[in-house]
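Listed in TrEMBL for this protein:
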- His59: active site, proton acceptor (ACT_SITE)
- Asp60, Val63, Gly65, Asp67, Ser69, Glu78: Ca(2+) 1 binding site (BINDING)
- Pro152: substrate binding site (BINDING)
- His182: heme b binding site (BINDING)
- Thr183, Thr235, Asp240: Ca(2+) 2 binding site (BINDING)
- Cys28-Cys104: disulfide bond (DISULFID)
- Cys61-Cys66: disulfide bond (DISULFID)
- Cys110-Cys308: disulfide bond (DISULFID)
- Cys189-Cys218: disulfide bond (DISULFID)
- 18-312: domain 'Plant heme peroxidase family profile' (DOMAIN)
- Arg55: site 'Transition state stabilizer' (SITE)
Amino acid sequence: MVGVSSSTIGVSEADHYQLDYDYYKHSCPNLEAIVKEQVSTILFIDPSSPAAFLRLLFHDCQVQGCDASILLDYEGSEIVSTKNFGIRKQEKIQQIKTALEAECPGQVSCADIIALVARESVAFSGGPEIQIPLGRKDSRTSNHQQADIHLPSSGISVDEFLHIFMSKGMNLQESVAILGAHTLGVGHCRNIVDRLYDPHPDSQIINHSFELLLRLECPTRTPLTNLTVVPNDMTPFIFDNRYYRDVTAGNGLFGIDSGIYRDPRTASVVNQFALDQNHFFQVFSSAFVRLSSTNVICDAEGEVRSICNRVNE
């Protein structure tokens, strides 16, 4: 298991509640076994689920911190933001929550479930087994305008990307490693057509054969449907270092993928990860813990929701 050395992370020593690797040791000792069993069943039915769960975590943590605010479903909540287009599997978090409520009612937050499910998704897909601290509380607020502001756009620059993740305490290697999540899943044509039909010099595709292939997959400036997708890399169901190997071959799907190979600050890191999958796994694990532990609610400002898509009454 990969983790960090401290038993607590991301909160002041003065806080009564802290993220802790043994947070549920007494209140819900079978938590991780239940989550693993539930996730295994979900993934067996739908192999595309790991990518959806990983994206759900990232989009939750980018707005207000990792607080399950993305699950709140009411007029004006962050899930309605256009930048949350394609978010899936929220109902599966509730399914797992229901199983946990039967075992240990009122104990496990939806925010911790999101983090655990993303972690299991990485491991089930062939990636590293990551130990993460727990004890997040659920937010009582959610705002689509905050999502519009804080979620990265598909055309994000390397400068903007590094600012976002290094402001969360990541170093340069961790920032590049977190992009390795693109090794799972697909990209929507609507998010890459600008690169194909109205390219900025910095976002041009390096490999012209790959560009021609994308034009076949996404043949029009305006996609015929929002469901038109392209695999993120050549092994979209396996968590591996194929993403970086594709990037070094000029086959980066998004502008940021090509950008990190062009940029002298990040190019050497991309090459390292392309050559050494174990090194990528190690750095990704560290980045995952850091991201999932940023700006969490660990005290009475939050709650443990009974139902994940609405606040407690």
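Yeah, the Cβs are placed from backbone N, Cα and C, and that goes for glycine too.
Taking the centroid of the Cβ atoms of Thr183, Thr235, Asp240 as the Ca(2+) 2 site, the other same-chain residues with Cβ within 8 Å of it are Gly126, Leu184, Asp233, Met234, Pro236, Ile238, Phe239, Asn241, Arg242, Tyr243. Comparing the Cα of Cys308 (disulfide bond) with the Cα of every entry in Val63, Cys189, Asp240, these being the recorded positions, the smallest distance points to Val63. The Cβ of Thr183 (Ca(2+) 2 binding site) has 29 other Cβ atoms within 10 Å, all protein chains considered. Cys66 (disulfide bond) sits 28 Å from Thr235 (Ca(2+) 2 binding site), taking the Cα positions as reference. Note: Arg55 (site 'Transition state stabilizer') has non-local neighbours Gly86, Ile87, Ala181, Gly185, i.e. same-chain residues 6+ apart with C-beta under 8 A of its own C-beta. Distance from the CA of Cys61 (disulfide bond) to the CA of Asp67 (Ca(2+) 1 binding site) is 7 Å.
Nearest to Cys189 (disulfide bond) in space, judged by Cα atoms and limited to the recorded positions Cys28, Val63, Cys104, Cys110, is Val63. If you count neighbouring Cβ atoms within 10 Å for each of the binding-site residues Ser69, Thr235, the highest count belongs to Ser69. Rounded to a whole value, the Cα-Cα separation of Thr183 (Ca(2+) 2 binding site) and Val63 (Ca(2+) 1 binding site) is 23 Å. Comparing Cα positions, Gly65 (Ca(2+) 1 binding site) lies closest to Cys110 out of the recorded positions Cys28, Cys110, His182, Cys218.
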